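Down below is the structure, laid out as structure tokens.
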Amino acid sequence: MPDMLQRLDTRSFLLIVGLYVLLHFGLRLVFSPVLGTDDVEQAICAQSLALGCDLRQPPLYTWLQWLTNQIAGPGLAGIYLLKYGLLFLTYLCLYFIGRRLFSRTATAALAALSLWLTYPFAVSVHQGVTHSLLLSLLLAASFLAFLRLEAHRHWMGYLLLGTLLGLGELAKYSFVLYAAALALAALSLPRYRTVLLDRRIVLTLAAGLLVVAPHGLWAWGRLDALHGALAGLGQQAAPSAYLPRVASGLTSLASALIQFLFPLWLILLLAFPRAFRPLAAAPVSPTPALSQRERRTMARYASVMPNEPLHLIGRTLLIGILLLALVVLLGGPVEIKARWMHVLLLLAPLWLFGRVEAAYGDRVAKTGYLVALLLLPALVIAAWAAQTYLAPQWHKPTRFHAPYDQLASLIRQTSGFERGTIVANELHLAGNLRLFFPEARVVTPAYPQYLPPAIEAEQCLLVWEEQNDAGMPPALQAFLDRHGKPRATGSPVLARANYRYSETEILAVGYLVLPAGDCP
């Protein structure tokens, strides 16, 4: 097997990643007909094109979801077609970055594939990651564009880099952390400093600003609401005293960094221990087709800093971490989650494999590592299947087991509701009802800034998850009041259904049909 993988080429890599993505796309459709965390947001927000929906997230992913829905429809397949398409492109960009970093194609392939040995890409991405996945793609694409720009200076390359950086900021607000880290890292290396000091960098700045401007102006008009939505992130149970607060934040950051790359760093430590020791020589640079002038430039720096692309990655990683630590010191978040680390650590597997290649040369395809690369996805699928079919029998159903499809059918049969506006109090309920009432318009108090275009002569359905027979939640009535609608009256109806594969766990929803025009 190691000998076979040493001969990996681009076609083989595309086949491996394509099969991996198609397998998980199919399993996601088979294991559950309902949407999970983050995906429900897209079901709601992609009903129409808008400059914003969820104030905590910029709108680019939602725009792409809207476009996908026009082609594939607003169903489960459309949601996951976009997700797994972006995942495929992320692996592809990382591979092509690797081709510029490493002297061997096999190292580039193994470095890119190692991403599925990290928890966020092995597990989390199949459960609900959206904006962070798009951030990952645009981070990888922008870094690749920067490397290409350094090798072939052209005004179009500067425009492309600015466009990708602007789109990255529209993917997730934290993208600015990576952009700042990349700029500072590039300025610290003579080879890349000239890219940023070129007067054509103005094109990059202009392109980025033009891309961000429409949403930026929209957000500026809602600055107080935006601040309120973002201010609480990472502030749960924050100590009031400065030193305990900073200590908590820095400890949380360290933990998040370790968790994000787990178990990859442990597998590499066991398979390639010499890569974690001081290296006798710097990683060997690849020799792509370069002009004579570019070869002289590379030779001039090679004696000082061999394989500068890897040094650029290493410094970008380090500076990004230091910038986030500085934010913590200045009073930022004290509870930093591993799922936020895409912006800092996406390129870390490439840097780690630079050390592996430097320490082991052409023996990067060691049997132990390859076994882990094959075994971990199989274990993830097995655990996924066990959670799907066995967890409800152990009285531990998840959101993926919620019987939203059955409840939608019951509501349709008993109320006659088919087309109109649904107002739902909870995101998972709202997003999944959008899935099973594709002709309906769905709004929720969770996204007060977003109202898709109204449907003429529409019915109005209020629906909520019933808790202890408490009746309609006050938040729903308050939502109607804010939009100047009449007070909801009438007797609520209850619909109940068992969680999927469970005989005891039940989900109940209450609903109330109102006259046409009584919904926002």
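Residue numbering: from 1, along the chain as shown.
Any Cβ shown, glycine's included, is placed from N, Cα and C.
TrEMBL annotations: computationally assigned, not manually curated.
Database features (TrEMBL):
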- 57-218: domain 'Glycosyltransferase RgtA/B/C/D-like' (DOMAIN)
- 12-31: transmembrane segment (TRANSMEM)
- 71-94: transmembrane segment (TRANSMEM)
- 128-149: transmembrane segment (TRANSMEM)
- 170-189: transmembrane segment (TRANSMEM)
- 201-220: transmembrane segment (TRANSMEM)
- 250-272: transmembrane segment (TRANSMEM)
- 312-331: transmembrane segment (TRANSMEM)
- 343-361: transmembrane segment (TRANSMEM)
- 367-386: transmembrane segment (TRANSMEM)
Per the definition of 3+ C-beta pairs under 8 A with sequence separation of 6 or more, do the transmembrane segment (343-361) and the transmembrane segment (312-331) touch? yes
Apart from its near flanks, which chain residues at least 6 from the ends of the transmembrane segment (312-331) lie with a Cβ under 8 angstroms of it? 101, 143, 177-178, 180-182, 184-186, 188-189, 192, 245-246, 249-250, 253, 257, 343-345, 347-348, 350-351, 354
Mind checking which residues of the chain, 6+ beyond the ends of the transmembrane segment (367-386), have their Cβ under 8 Å from one of its Cβ atoms? 1-2, 5, 20, 23, 27, 31, 110, 113-114, 116-117, 122-123, 126, 263, 267-268, 270-272
Long-range neighbours of the transmembrane segment (250-272), counting only residues six or more past its ends (CB under 8 A): 114, 117-120, 234, 321, 324-325, 328, 333-342, 344-345, 348-349, 352, 355-356, 359-360, 364, 366, 368-369, 372, 376
For the domain 'Glycosyltransferase RgtA/B/C/D-like' (57-218), provide the mean pLDDT of the predicted model. 97
